[in-house]
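Down below is the structure, laid out as structure tokens.
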Amino acid sequence: MAGSRLPRRLFLQGVAAVFMFAFASLYTQIPGLYGPEGILPARKTLRPQGKGRWQQLWETPTLLWEAPRLGLDTAQGLELLSLLGALLALGALLLSPLRHPVVYLLLWAAYLSACQVGQVFLYFQWDSLLLETGFLAVLVAPLRPASHRKQAPQGGRAGALPHEDLPFWLVRWLLFRLMFASGVVKLTSRCPAWWGLTALTYHYETQCLPTPAAWFAHHLPVWLHKLSVVATFLIEIAVPPLFFAPIRRLRLVAFYSQVLLQVLIIITGNYNFFNLMTLVLTTALLDDQHLAAEPGHGSRKKTTTSWPKALLATLSLLLELAVYGLLAYGTVHYFGLEVDWQQHTIHSRTTFTFHQFSQWLKTLTLPTVWLGVASLAWELLSALWRWTQVRGWLRKFSAAVKLSLVSTATVALFLISLVPYSYVEPGTHGRLWTGAHRLFGAVEHLQLANSYGLFRRMTGLGGRPEVVLEGSYDGHHWTEIEFMYKPGNLSRPPPVVVPHQPRLDWQMWFAALGPHTHSPWFTSLVLRLLQGKEPVIRLIQSQVARYPFHKQPPTYVRAQRYKYWFSQPGEQGQWWRRQWVEEFFPPVSLGDPTLETLLRQFGLQDKSPPRARSANSTLAQALHWTRTQLSPLEAPALLWGLLVAIGAVRVVQALLAPWSLRSSPLAPASGEKRRPAPHKDSGAASEQATPAPNPCTSSSRTARRKK
């Protein structure tokens, strides 16, 4: 099998990039969400309960316990963590020496610390996915760069260590759990839109933050929407087992199918860093050979192949064709695909029942666990074989220690992950080894393994529910309060904000799905608007002058529920249509009994004033200055600016690379060729080619200076 050096490097760079986007996006929203004048002040979540320092840290694992020691409150500590996390992730993205396990451990700990106080605004599946992926990056990251290694294992890949591929296999297992569960839950939820293959006729319109491309996708023919749902089930349920296929072409087909799905989602929806994170996980399906990390592989001359190898290649090709045929037959059979040549359409429908699918899932879930066990066992045996090829007792002992530790960690994380994975089928969950349940229970609060299941049910089948806030000075004339990102103004096109996640806008989408009492934070939002708190106003409009009540807070605030639909192609200047449904939140003012009752009911009354912060704290002043400098920038512009800066640095690095090689004392002179290393006996370890000594050193240096 080809090596995974370059895919691992891409994975580590991708994880660093996602951490950078996540921290930077969160940083821009901290004052309005978690500050003393925010919607859900973070200081309320960390109340010392008289426990020991380490016990307190274990039960609520967050570095923000130490914020008071730095003269900061909880929100300021969260700002500091976000800034340091973004800078550290940026460094890991650009500088290979920073792609170290300690760096990724710090990034994971910082984001876990934020999630502990993030409350409902950080309760998203992609936050859990980032934490789980970030911890895997701790194991995947090398302790030493490959260039610093003295010897490769005998018969192994150049610079490879026996244990290196083991943690990277966990990334592939995580990708399998994510995609397979996301496909299965669409059917186990009994959602009529998924079962009727009509989900995408609603999805583009009713998703949280659509893009302009979603408007065009929404108006595609219905038969194409239904065929797209069939393709989604194929990619999410049938393809993931191919992640573990022994034939690399099957894994590559699986890779490109996953990439296609994620790219289409990115084009039509603003799902922050989630799809980018999934694309990062797909690197586990690649290898060095596919990414041209093995130069000259494709230019080797064809040699006569022995008949066993030829037979194996033929059997592999037949198996590959059989898999393609089985996927095609299953898709046509179970979704009743029929081509209508007259209308140039493809008709589709589900031909199986919920009971049949449940029986299939009950039969298949446990074998997928054993598939993971078999694949992991193969990786362990391969690592053990590579260890046997290491020469020298000292190196062999060192490699054995590393292999033992990494193998133990890999097996333990695999066992832990089986518990949340088995949630897709209750029967399998009950049959798991009790030791796996105990392991998972011990570390569940660290979010090392999580359950997933995206787009479980399709909402807004009768129209997209949307909450519209309104303010008034007299209680008779009302002015709508428009958000920057979520739908409101009918003539405003949907925005493109990836990879930023406006967390208030996302929660407004969830709030619209039920009564306001299901979203207690909404009452706190109303209170902050009545008080005219600028940090909260900046969540709605980053340019305060665009907020309709920026000069004086409204006397009254209320909320209405509407149903929104995309406009029809013929309507000029309109992106949306809407219809009033009902009052979502009653008109209230400061001191209103209704408002006070709701605040008391939800425990949102702030009885204890915030502790006085030291104005002389140098760190607090530095944080305030940084916030002042960055606050004029909208969050998407800040993140896109980071992206452009990274691209510019990459271009400069690429341009300077040839010059750095020329200036290196180990680089060969112009016109000087490397002599091939002499061939050794088959039992000797392979050596890397080294530059041949040049007796005319002085003349070559002179020639170089002239050039």
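Including glycine, each Cβ sits where the backbone N, Cα and C put it.
Within the set 12-30, 164-182, the record from TrEMBL flags 12-30 under the feature transmembrane segment.
The average pLDDT for the domain 'Lipase maturation factor 1/2 C-terminal' (448-586) in the predicted structure is 95. Contact between the transmembrane segment (369-387) and the transmembrane segment (310-332) is not supported, since fewer than 3 Cβ pairs fall under 8 Å when only residues 6 or more apart in sequence are counted. Same-chain neighbours of the transmembrane segment (399-423): 136, 139, 153, 161-163, 166-167, 169-170, 173-174, 177, 181, 365, 369, 372, 376, 380, 383-384, 387, 390, 429, 432-433, 435-437, 439-440, 443, 448-452, counting only residues six or more beyond its ends whose CB sits under 8 Å from a CB of the stretch.
For the transmembrane segment (253-274), the residues of the chain that approach it from at least six positions outside its boundaries are 18, 21-22, 25, 125-126, 129-130, 175, 179, 204, 207-211, 213-214, 217, 232, 235-236, 239-240, 242-243, 245, 282, 285-286, 485, 495-501, judged by C-beta separation under 8 angstroms. Mapped onto DSSP classes, the domain 'Lipase maturation factor 1/2 C-terminal' (448-586) shows 33 helix, 34 strand, 72 coil.
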